């Protein structure tokens, strides 16, 4: 690694990244630029400014990226109906490409030689940040302190802070959650602590965004979501921005006990990891989007989308958002969304999301006159089915005549 004069750090203002500021200054004798993104994590980001200033940081970036995050990352992902390993809605994965993008942009703006992040050497986030950075700025240098230093425990980090007068408040350390948590506008995740035993049931007081399904209201909540080109643009007739859509759906879902998930997933780095997630808004969005597609997409387009979805989800999970293959898949997916317009009505009740209606005034491919079980007035000639069946059975009949066994 060549001489580092200036580094842009993804800075949260918490213990780990506050230690990293001073560690970078001490280890590399360099100037540190901090970048703090508000992507809906639910915490005040302004205090990060005072902490950075107290450590001698001269260039401080604090940005509200909530709208960009939902519009340019969350919504495109949901157009793909992306789910990793059948369950995970990719809430952590989707936040990393935007942060990586801004890190390298700020590095270019400030003339920095490198970027840095607080992801550990065991997790997926180090891969996601760095693949994104190299895709966008191939010459950038990356410093990952967790892969270099020996501060491998919370106690060592706290001691480092006290030795160097790093401004971190330890007054509430006894109240600190036993879990490693990460949040953005799409979800909040919980890892570590007792969750490292996959048989251990998470305590009820761990969950922060939702009530338990048992404690949810006894009366169902009905909502109507409006779609334009595959994206939600309104809730119950009220036009909302992308970030406001997700914020409102999170509240509706959380109030009705929706969006909890407890899984063991396969990390890209090779190990299995248990994680608990709350994704109330996303858990509503996914079936709603599939419902409006069921009405407006033709069969083969829908099936093609379903066939590429697992690859899309895997690319995103593994950190390849900026790869040519993900970008190519996105163009394919977006092309299918031109006529995904209309409304979906949903019932939210004690942890469940049920589609109860869907309609599209101009783009519906559902023709009741053909699909009806009643008299269709000649709209569909049932005799045509005989030839269709015989043609499709031809290869099966030929194979059967050879005496091939079917099992």
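Keep in mind that glycine also has a Cβ here, set from the backbone N, Cα and C atoms.
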Which one, 118, 121, 123, 132, is listed by Swiss-Prot in the same ATP site as 10, 11, 12, 13, 14, 15, 16, 17, 18, 37?
118
Of 189, 294, which one shares the L-citrulline site with 88, 93, 124, 128, 180, 265, 277 in Swiss-Prot?
189
Let me make sure I understand the span of the L-citrulline site: among 88, 93, 124, 128, 180, 189, 265, 277, what is the greatest distance between any two Cα atoms, in Å?
19
Can you figure out which of 88, 120, 180, 189, 277 (the binding-site residues) comes closest in space to residue 10 (ATP binding site), comparing Cα atoms?
120
Hey, of the binding-site residues listed (12, 93, 120, 124, 180), which one tops the CB count within 10 A?
93
Which listed residue (14, 118) has most other Cβ within 10 Å, given these are binding-site residues:
118
